[in-house]
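Let me begin by presenting the structure, written as structure tokens, before commenting on it.
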Amino acid sequence: MKLKQRVVLLAILLVIFIFTKVFLIDNLDTSAANREDQRAFQRMLSGLRVALDPRLEHTLQSPWEIAAQWVVPREVYPEDTPELGAVMHAMTTKKIIKADVGYKGTQLKALLILEGGQKVVFKPKRYARDYIVEGEPYAGYDRHNAEVAAFHLDRILGFRRAPLVVGRFVNLRTEIKPVATEQLLGTFMTVGNNTCFYGKCYYCRETEPACAEGDIMEGSVTLWLPDVWPLQKHRHPWGRTYREGKLARWEYDESYCDAVKKTSPYDSGPRLLDIIDTAIFDYLIGNADRHHYESFQDDEGASMLILLDNAKSFGNPALDERSILAPLYQCCIIRVSTWNRLNYLKNGVLKSALKTAMSHDPIAPVLSDPHLDALDQRLLSILATVKQCTDQFGPDVVLVEDRMTLSHL
């Protein structure tokens, strides 16, 4: 064989070798990542049941100190949380030492300070479990049980971006009124034999109070994030106008995602993928009201999108608001880890997992069966949407590897 032919042959063999090596390494890496996703899913399933137990492994720390140490830029609580039940037990049983009107917002809530100085947000029950909220997908009062269910769905999806939430019964006469500020106390009233309050907020009205059954009010408490992690508010790029007859740009511009990708913080880092994770989360719970979102301050787009204020969810199990998925079907990208987790939850696993996760909550049953059934149906719609994207653009474009190392130091 001539020297020139040998050189050409060697060059061809070298190219084949390099291609094969890269292909094998890529597949090995992907396979290893997928195996880790599967293991993480199994760990999640094994830890679904959270018994509200006051015992702590670290007896020298309060539950509030433990929960505060969990918070890092990319998660509110870690995957392995043996003290989760103790923290949630404290949230639902610790003495209330102060009660005030809720922080700024459109909906009724109260800010409570629990023994040990921990702030929590209390949202009262406004609807029975089987009540159907008609009208727009963001209509109606906040749903306290939606906050509880959304927190556990966040655990199941493996996002860990929602603050801790648990149900709680409070006695308005003996637990709240004696420690209430004058501003909150001035909104209390008696309707029939029931103690009620209407609080202070944009839509709070004396004619629309939240009422206990007698003195006992059911609600949810959300753990306030540590003050050392101040929040920054952002307008959601797929937010609604809330004006009849006026569409947001994303509602008529099919190339809208291309424009979003050119603006900070969506032009680099994990934020756009967080937006798409959140769209999936919101579609599952039926939340079409995420007009703004929060992240930690001064993060330059590196920290997570925090899943706060999920109470405009689980209003109508028969309503599947597809527009919530706009970030997904317009951008046609999704994290591989999210895609894997969604596939593991098919065939009724999601409904069963959420039912199990919520079974120990003090206000269980948290959701009615139609809402649980709706979750499984909406999951199929999400999977079908991703398949349409992969059919059009190919899986290499749609499925994005974005596995950021999470520091617990």
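Just so it is clear, glycine is given a Cβ too, placed from its N, Cα and C backbone atoms.
Annotated active site per TrEMBL: Asp289, in sequence order.
Taking Cβ-Cβ distances under 8 Å and a sequence gap of 6 or more within the same chain, the neighbours of Glu294 (ATP binding site) are Leu231, Gln232, Lys233, His234, Leu305, Ile306, Leu308. Per TrEMBL, the feature ATP binding site maps to Gln107, Lys123, Thr222, Leu223, Trp224, Leu225, Glu294, Asp309.
Residues or ranges marked as Mn(2+) binding site by TrEMBL: Asp142, Asp309.
What TrEMBL lists as domain 'FAM20 C-terminal' is 188-397.
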Going by C-beta under 8 A and a gap of 6 or more residues, the same-chain neighbours of Asp142 (Mn(2+) binding site) are Gln107, Leu108, Lys109, Lys123, Arg126, Ala311, Lys312
Residues near Leu223 (ATP binding site) by Cβ (under 8 Å) yet at least 6 apart in sequence within the same chain, in sequence order, are Ala67, Val87, Met91, Gln118, Val120, Pro163, Leu164, Val165
For Trp224 (ATP binding site), the nonlocal same-chain Cβ neighbours (under 8 Å, six or more residues apart) come out as Gln118, Lys119, Val120, Val121, Pro163
Asp309 (ATP binding site) to Asp289 (active site), Cα to Cα, whole Å, comes out at 9
Gln107, Lys123, Thr222, Leu223, Trp224, Leu225, Glu294, Asp309 bind ATP per the record; greatest CA separation between any two, in Å, is 20
